Amino acid sequence: MEPRTGDAADPRGSRGGRGPSPLAGPSARQLLARLDARPLAARAAVDVAALVRRAGATLRLRRKEAVSVLDSADIEVTDSRLPHATIVDHRPQHRWLETCNAPPQLIQGKARSAPKPSQASGHFSVELVRGYAGFGLTLGGGRDVAGDTPLAVRGLLKDGPAQRCGRLEVGDLVLHINGESTQGLTHAQAVERIRAGGPQLHLVIRRPLETHPGKPRGVGEPRKGVVPSWPDRSPDPGGPEVTGSRSSSTSLVQHPPSRTTLKKTRGSPEPSPEAAADGPTVSPPERRAEDPNDQIPGSPGPWLVPSEERLSRALGVRGAAQLAQEMAAGRRRH
């Protein structure tokens, strides 16, 4: 730096306005109020350092009476061409961002966890480091509790070391505290043992089997207390028995016997082939469906087939017996 007063150049450069002034010697508390006609009271140290480096190797200082300015922290500016230059950057802020985004193993005052628990034993260890609010967990149980309840984790403080550890859950059983067994300890003794351990806490945890999801129920396994219902109360349309029953019922309604059929069958007790084709018939599957021992659930039978006489009366057609009587009466008359 070259001061305009003509004195020897100060090899230290300008340190926050502490260089020689035209009217007096160096001052211990001298504020740098303006730089390049810009007020510096509300500027950050990084901005001031950038302005000074932009000014080059020459920095002109002018003394001014003290005014009411913001009493900020000392700002040290060093010429970047000097051997031991101080370069101000955003590294503190960068480190803070790294801390926020870092995994739990790198956060200060966090939990340092041990290796992952063994799947076979279910035991694992966790090491916690005390934070500003403690270890961040609450314990419950102990010998003094009714029934001698085992010591277990009852709660995790939000953003506490125990929660940031990511391995503790509510309901985990605490087997050891700082290498000593918790069997037979009261709740007060367990808390005292944690306090006596200092800023670090080493726990051996066992996760109860009840917290693990159980075996899924089979697809075809019925539930207890539930009576299995039939999948379909209606008869199987593909079965021969019900198919015959349906065809017989349909033929009774839609295909009444004709007079010619009745005339052809009046002389024989057995129906003729023509009558079997036109009139209602009972097929072997129908007879099988009429079996009283048939216990198939949902079957509509047994079917009742009306006699020829009743069918003739219902349809208003003369029966075979009536036709035979009329024929006999006609012969007698002749």
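Cβ from N, Cα, C; glycine included.
Computed from a predicted structure; not experimentally measured.
Copied from Swiss-Prot, the annotated features are:
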type: COMPBIAS; residues: 1-13; note: compositional bias 'Basic and acidic residues'
type: COMPBIAS; residues: 209-224; note: compositional bias 'Basic and acidic residues'
type: COMPBIAS; residues: 244-260; note: compositional bias 'Polar residues'
type: DOMAIN; residues: 125-209; note: domain 'PDZ'
type: MOD_RES; residues: S272; note: phosphoserine
type: REGION; residues: 1-26; note: region 'Disordered'
type: REGION; residues: 209-306; note: region 'Disordered'
Quiz item: Which numbers of helix, strand and coil residues does DSSP report for the domain 'PDZ' (125-209)?
Solution: 16 helix, 35 strand, 34 coil
Self-check item: Segment-level pLDDT (mean, integer) for the domain 'PDZ' (125-209)
Solution: 87
